[in-house]
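**Student:** Provided herewith is a single structure, encoded as structure tokens, for subsequent inquiry.
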Amino acid sequence: MGSTGRALLRAVIMGPPGSGKGTVSSRIIKHFALKHLSSGDLLRDNMNKGTEIGVLAKTFIDQGKLIPDDVMTRLALHELKNLAHCSWLLDGFPRTVPQAEALDKAYQIDTVIDLNVPFEVIKQRLTSRWIHPSSGRVYNTEFNPPRKIGIDDITGEPLIQREDDKPETVTKRLKAYEAQTKPVLEYYRNKDVLETFSGTETNIIWPQVYAFLQTKLPDISQKEEVTP
């Protein structure tokens, strides 16, 4: 712990799939003494270890159902008990208002970092992957496009998109995220802890997040450059 005598920071990061949340989280962890708690990682970890709650969660996943609020809440709060003496950054939890309310009963949330990237930008980002099925070659229409749209450079065969990368699937995922999290963002906005950072790319958003967190915590990576 830094000897600055500052209180611990209880933070949550939110952002749709493709918003760069993973990148921003890893930069936050690199610069500030925060423990990153990702509900996805926690879930996988518990399922792999076959813990009681992991086994329970797996039954819902296997049925293609969402994991109920009380199960996710138990999972997160149990883990947070181990981090009582750390500042932390929650990622992927809370996803619903009941989860946020349960978290509030246990901890005072100081700040919720909301990454606001335009829908169209994310959609473009998430639908840019094309695959040549027989060789497994992957193209990205933004970073390494094929020489001819929709055609493999080497064989001249057509490229396909995985189900997950198709515009309709991506749109559905983004709409589902929005429907689920809008009430959570409202909940935190009403509590006056929501901080929204907007931009079309991580390198625009990160400096804003960094400047904001610097007002809350000391940078522990002074020796390195600010922009990783």
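Here, residue 1 is simply the first one shown, and the rest follow in order.
Yeah, the Cβs are placed from backbone N, Cα and C, and that goes for glycine too.
Marked as GTP binding site by TrEMBL: GLY18, SER19, GLY20, LYS21, GLY22, THR23, ARG129, VAL138, TYR139, THR202. For SER39, ARG44, LYS65, LEU66, ILE67, GLY92, PHE93, PRO94, ARG95, GLN99, ARG162, ARG173, the entry in TrEMBL reads AMP binding site. The domain 'Adenylate kinase active site lid' feature in TrEMBL is assigned to 129-164. Feature annotation from TrEMBL assigns region 'NMPbind' to 38-67. Taken from TrEMBL, the feature region 'LID' covers 128-165.
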**Student:** Just going by other Cβ atoms within 10 Å, which of the binding-site residues LYS65, ARG95, ARG129, ARG162 has the emptiest spot?
**Tutor:** LYS65
**Student:** Once the chains shown are all counted, how many other Cβ atoms turn up within 10 Å of the Cβ of TYR139 (GTP binding site)?
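**Tutor:** The Cβ of TYR139 (GTP binding site) has 21 Cβ neighbours within 10 Å.
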**Student:** If you measure from the CA of TYR139 (GTP binding site) out to 10 Å, which binding-site residues from the list LYS65, ILE67, PHE93, ARG95, ARG162 are inside that radius?
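**Tutor:** Passing the 10 Å Cα cut: none.
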**Student:** With helix taken as DSSP H, G or I, strand as E or B and everything else coil, how many residues of the domain 'Adenylate kinase active site lid' (129-164) land in each class?
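**Tutor:** Split by secondary structure, the domain 'Adenylate kinase active site lid' (129-164) comes out as 2 helix, 13 strand, 21 coil.
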**Student:** Between LYS65 (AMP binding site) and ARG129 (GTP binding site), how many Å separate their Cα atoms?
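**Tutor:** Rounded to the nearest whole number, the Cα-Cα distance is 27 Å.
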**Student:** Highest Cβ count within 10 Å among the binding-site residues GLY20, GLY22, PHE93: which residue is it?
**Tutor:** PHE93
**Student:** Can you grab the distance from ILE67 (AMP binding site) over to GLY22 (GTP binding site)? Cα atoms, rounded to a whole Å.
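**Tutor:** Their Cα atoms are separated by 22 Å.
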**Student:** Max Cα-Cα distance in Å among SER39, ARG44, LYS65, LEU66, ILE67, GLY92, PHE93, PRO94, ARG95, GLN99, ARG162, ARG173, the residues listed as binding AMP?
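**Tutor:** Value for the max Cα separation, rounded to a whole number: 32 Å.
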**Student:** So how far apart do the GTP binders GLY18, SER19, GLY20, LYS21, GLY22, THR23, ARG129, VAL138, TYR139, THR202 get, largest Cα to Cα in Å?
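**Tutor:** Greatest Cα separation within the listed binding residues comes to 23 Å.
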**Student:** Please work out the mean pLDDT for the residues of the region 'NMPbind' (38-67).
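**Tutor:** In the predicted model, the region 'NMPbind' (38-67) has a mean pLDDT of 92.
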**Student:** Using DSSP, tally how many residues of the region 'NMPbind' (38-67) sit in helix, strand and coil.
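**Tutor:** Across the region 'NMPbind' (38-67), DSSP assigns the residues as follows: 22 helix, 1 strand, 7 coil.
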**Student:** Pull out the binding-site residues from the set GLY18, GLY20, GLY22 whose C-alpha sits within 10 Å of the C-alpha of ARG162 (AMP binding site).
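**Tutor:** If one measures from the Cα of ARG162 (AMP binding site), no binding-site residues come within 10 Å, so the answer is none.
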